[in-house]
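What Swiss-Prot says about this one:
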- 41-81: region 'Disordered' (REGION)
- 111-172: region 'Disordered' (REGION)
- 219-285: region 'Disordered' (REGION)
- 228-245: compositional bias 'Basic and acidic residues' (COMPBIAS)
- 281-333: domain 'bHLH' (DOMAIN)
- 333-361: region 'Leucine-zipper' (REGION)
Amino acid sequence: MDYDSYQHYFYDYDCGEDFYRSTAPSEDIWKKFELVPSPPTSPPWGLGPGAGDPAPGIGPPEPWPGGCTGDEAESRGHSKGWGRNYASIIRRDCMWSGFSARERLERAVSDRLAPGAPRGNPPKASAAPDCTPSLEAGNPAPAAPCPLGEPKTQACSGSESPSDSENEEIDVVTVEKRQSLGIRKPVTITVRADPLDPCMKHFHISIHQQQHNYAARFPPESCSQEEASERGPQEEVLERDAAGEKEDEEDEEIVSPPPVESEAAQSCHPKPVSSDTEDVTKRKNHNFLERKRRNDLRSRFLALRDQVPTLASCSKAPKVVILSKALEYLQALVGAEKRMATEKRQLRCRQQQLQKRIAYLTGY
């Protein structure tokens, strides 16, 4: 089995771009099979005092099945835990991590956001007992984070478990917050389910209050309590200052003499008209103008009705009837005017012809 030929199936090379993506462990289960070599931070099993078998159920170590045999340190780390029962270990890890991922995340976030927890040392919660068998290292090396030059593992996880004695713990590391949004608090969780398994199980979940994560619930009320505890002292100081200012104002009001001159000046000037009286006067003016407009309109309709011959005797004719009859009467008058104009032109032509006839007869 060639390790390089199948590496792109198990590991994402562009981890920086995918860092703030909210991906649940259960949704991306192939991340649990990514073949990432862990740094050799612990001494070999045979060198430390009290070193024995790595685990009671694992036989002699076999070489790493991939093709990464060039580096001695990596081959040493690969050959330690990859025994005959690696398939059962992977199956048990996948089964239990799928169920307990949400509980781990919630417990880690609640411990991280607790108001009483120190910020320098992140809290560590023990992993589920069914996930990994217990292991006692012979001579564990002192805890030290991985250097910044580590490829792939540092970019994805943020930090790793420094020694094999801490393989059963979950390291919660706070990632640098983005400057654009102060509310967003990404949390990266790195889990090594099996201390003898060189395959590092990575999954990172960015928890943001503005971006909904369907795999995780809202953070507990400890976040709101922390904000309240931060705002509490400031609010108390502001309330004390406000109370002190009120007491000073009351003292000044008691000590200061009554303003006699201002009261006398106010008594001399008439009081301004209130807004109620202004509204009443405006309403009266509006009603008067509206009544006048209606009376004028009614009188005009009555005059138009009197001009129409067919409606002169109808005292209660509606306005629509008055307008329609007036239109018909107007059209009739216009037609009669045109007819009379044509008759007038004809009569004038006839007159001119008669005058010429008379002039012709008188010439003889």
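Backbone N, Cα and C define each Cβ position, glycine as well.
Sequence-distant contacts of the region 'Leucine-zipper' (333-361), counting only residues of its own chain at least 6 positions beyond either end whose CB sits under 8 Å from a CB of the stretch, are absent. A mean pLDDT of 95 is what the model gives for the region 'Leucine-zipper' (333-361).
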